[in-house]
Every structure is written in structure tokens, then in C-alpha cells.
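Asks: Sharing the record's features from Swiss-Prot:
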- 17-37: transmembrane segment (TRANSMEM)
- 56-76: transmembrane segment (TRANSMEM)
- 94-114: transmembrane segment (TRANSMEM)
- 118-138: transmembrane segment (TRANSMEM)
- 173-193: transmembrane segment (TRANSMEM)
- 199-219: transmembrane segment (TRANSMEM)
- 236-256: transmembrane segment (TRANSMEM)
Amino acid sequence: MLVYPDIDPVALQLGPVAIHWYGLMYVVGFLAAWGLGRWRARRSDSPVTGQQVDDLVFFGALGVIVGAKLGYHLFYNLDGLAADPLSLLRLWEGGMSFHGGLLGVTAALGVYAWRYRIPLLRLSDFAAPLVPIGLGAGRLGNFINGELWGRPADVPWAMVYPPLGDEPRHPSQLYQMGLEGIALFILLWWFSAKPRARGAVTGLFLAAYGVFRAFVEFFRMPDAHIGYLAFGWLTLGQVLTLPMILAGVGLMVWAWRRRDA
């Protein structure tokens, strides 16, 4: 059994300005996406130039932040938004939804693709492998914040979160970091190393993330004000993830059939 380390969520205090670890994790994710994007842009099959990657990351970052924050409140905490609309601006408090961020990024990529006249699926295939490092960093931020804790567990690496009592729990944030961040990055980077049918990389991202997320939900506590939706185990995260898996598999099948046609 492990004890959760009491980590100060503020990484650096500069007078009245507090720099939070959670915010720094987003910076790490965006910088990683920018660096990897610049590297991928040197490939002969890249739909964007290295200079265009700068704008792509800016559009993507804007879509992630706006979509993730709005998505959290719309999917998980609509009453909280009505009671405190300014909570939308307090990014350091967490409360970011992946599914909302995905919608925001999709909209941002759509605008970018229209602006530069790039087929949307070519652009999303380029961008998908840039995302997992940011996802993993975000889950590390959740761990530092002491949020999104796991269900009670008796495994040797179970962790006690003092604010929740003495009951050991799964460190589900670290599970998500390992699967949605590290494993997904390795999978997508390997898969996209060779030219693939248009839409295949995007489809793999959607399907693989969906499977990883649905799996980890079995070890993660649902939001207290929502609870389980059915069967004593089904969570809202799993419900929102199912369309991703179906869309991802469908997109891969479509891409390969189109390639072989």
C-alpha cells in the first residue's frame, strides 16, 4: 500500500501570480505537440509545412481549452456552471473533459483545414499522433491535483488519499497516463510511421483511446454527483466513449476499403 504524496498544486509563486502544476502540464502537452509536429512536417507526405505547424498548434490549443472546459460543465457539471459561470475561466482548478476537448479540437481543425485548403482527414491523420503526450501530461496534472481518484482496491500499489480516509484506492490517474498517454503515443507513432489510407490514423486514435478510456473507467470513481448510470458499474465516461470506438472502427474500415477500391 502506498500513501498519496501531498504535492502542492502550485508549482511556483511569483508575487500574486500562482503557476499551477496543472497548467504547466498543458504547456508541456502543447510544446510536445509543437515539437513533434515540426518533426513530422519534414516528411514528404506531410500536409503542412513546419511554419504552418505553429498555427496548427495554436488553433488546436484554443480548441482544447475552450472545448474541454465547456464540455466538462455541459456533460458533467451543468448545475455548477449555472451557479458559478466564472468557473469557466479558472483553468487551474481542473474540470476539463476530454470529450469536450475532442469536439473543440475537431472544430479547430475544421477551421484550419478550410483556411489552408487541406482535406480534413489528412490534417487529422497528421495531428493525431501529436495528442497523446498532452493527454498523459494532463493525467499527471490530475494526479498532482489529487482529483479523479480510483475505486477502492487491495492491489499492492493501491494508494491512500488522506482526504478520502484510510481506504486504499487505484491510482487511476496514473493508469490513464500510461494508457492514454504513453501507450497511445507509441501505438500511433508506430502506425503512422508508414503512409496509411486517409482516415486510418484518425480512426485508430478514436478507437484506441476509446478502448483505453472505457477500460480505466472500471478502476476510476465516477463523479460523485452523477454516480453509476446502470448495472452498478457503467459510467458517463464509458457512455461518451462508445461513439468514439464505433466511429474509429468505422473510419478505419472505410479508409481501408477506399484504399483497396
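Just so it is clear, glycine is given a Cβ too, placed from its N, Cα and C backbone atoms.
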Asks: Which of 56-76, 118-138, 173-193, 199-219 has the most Cβ pairs closer than 8 Å to the transmembrane segment (17-37)?
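Replies: Stretch with maximum Cβ contacts: 118-138.
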Asks: Looking at 56-76, 173-193, 199-219, 236-256, which one has the highest count of Cβ pairs under 8 angstroms to the transmembrane segment (118-138)?
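Replies: Per the Cβ under 8 Å count, 173-193.
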Asks: Using a Cβ distance cut-off of under 8 Å, indicate which of 56-76, 94-114, 173-193, 236-256 has the most pairs with the transmembrane segment (199-219).
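Replies: When the Cβ pairs under 8 Å are tallied, 236-256 comes out ahead.
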Asks: So if I exclude everything within five residues of the ends of the transmembrane segment (94-114), which remaining residues of that chain have a CB under 8 angstroms from its CBs? That is, six or more out.
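Replies: Answer is 22, 55-56, 59-60, 62-77, 87, 120, 123-124, 127, 131, 135, 138, 141-142, 145, 147, 209, 213, 240-241, 244.
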